[in-house]
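Take a look at the structure set out below.
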Amino acid sequence: MTVPCIPRGLVMADIAAFRLTEEEKQRLLDPAVGGVILFRRNFQNIAQLKELTAEIKALRTPELIIAVDHEGGRVQRFIEGFTRLPAMSTLGEIWDKDGASAAETAAGQVGRVLATELSACGIDLSFTPVLDLDWGNCPVIGNRSFHRNPEAVARLALALQKGLEKGGMKSCGKHFPGHGFVEGDSHLVLPEDGRSLSELEAADLAPFRIMSREGMAAVMPAHVVYPQVDTKPAGFSEIWLKQILRRDIGFKGVIFSDDLTMEGACGAGGIKERARISFEAGCDIVLVCNRPDLVDELREDFRIPDNPALAQRWQYMANTLGSAAAQAVMQTTDFQAAQAFVAGLASPQDTAGGVKVGEAF
């Protein structure tokens, strides 16, 4: 059967279970779609996951980009057969106890193991690292953050990025310009951060600025309002995305929206309005999760905006190692030692607060 040539579109969608239904195949063949995000509900075991990703990639050319939230700690979508990854706060604790060098070495190993294991299963991208500072205010961020110190966050994230690259993956820093100061969970509410731009510049923005300079491939903005800067949430704000992120910081990579079905996004109107505002604000790609009916609504008669850079930006997020090469790496004693080291960093406390961060079973 001839594989249709369909340029990747501007929507990243999801699927319901372990295999594609015929309805999902037709949805993923739509030109509006460019990628698929997987969740815990899509994972039964490694063999099944490999079959699923192969099935998705066989649908069209260029292949759909496959992503997952697989950060470590309480946000690790795939467990059985994968190395249990520590919460990123564990790396911050190493920074405080044993120094920067030891923590950066550990972060590099975590990134390498994380990416290689996913690459072996046909995954292109994990939405990581979290660049939010741990101000002690935000339970949904909490131990997902490396540290409260911007320098520590930036250096540990950069070390993790280098590890990801060894495993064939690019980085995606989130949640721009910082979700750690607010108390609310943007999956459930629309939080507000009342600080000034100068206060944000002095702290939360620093890791994004440094990582942009060091080759961070993608950014995901927060569904948070910063009223002293703009009355719109960052992901819907031209001030944040076009002026501050693109112009002032100089970020050249991909901007993914956070999930447009989250409560923090719903105030912008229906799904077509949310997508339109996201694109006008500067997002390249929008995530629409857990609501296939809304993906279908976007497909029906929504005018997808022209984005000349889209094809190049999508391709930049594709895995660079490949499944077969990653599987070969996993057989080496060096990599197996790295797996053992990383597993030794994880602990039951890493999952404190529950695993269902942005998850739907």
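Glycine is no exception: its Cβ is also placed from the backbone N, Cα and C atoms.
Taken straight from Swiss-Prot:
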- H187: active site, proton donor/acceptor (ACT_SITE)
- D258: active site, nucleophile (ACT_SITE)
- D69, R77, R144, K174, H175: substrate binding site (BINDING)
- D185: site 'Important for catalytic activity' (SITE)
Looking only at the binding-site residues D69, R144, K174, the residue listed as 'active site, nucleophile' has its closest CA neighbour at K174
Around the residue listed as 'active site, nucleophile', how many other C-beta atoms are within 10 angstroms of its C-beta? 29
Provide the number of Cβ atoms within 10 Å of the Cβ of R77 (substrate binding site), excluding the reference atom itself. 22
Around the Cβ of R144 (substrate binding site), other Cβ atoms within 10 Å, all chains included, total 27
Simplified DSSP label at R144 (substrate binding site) comes out helix
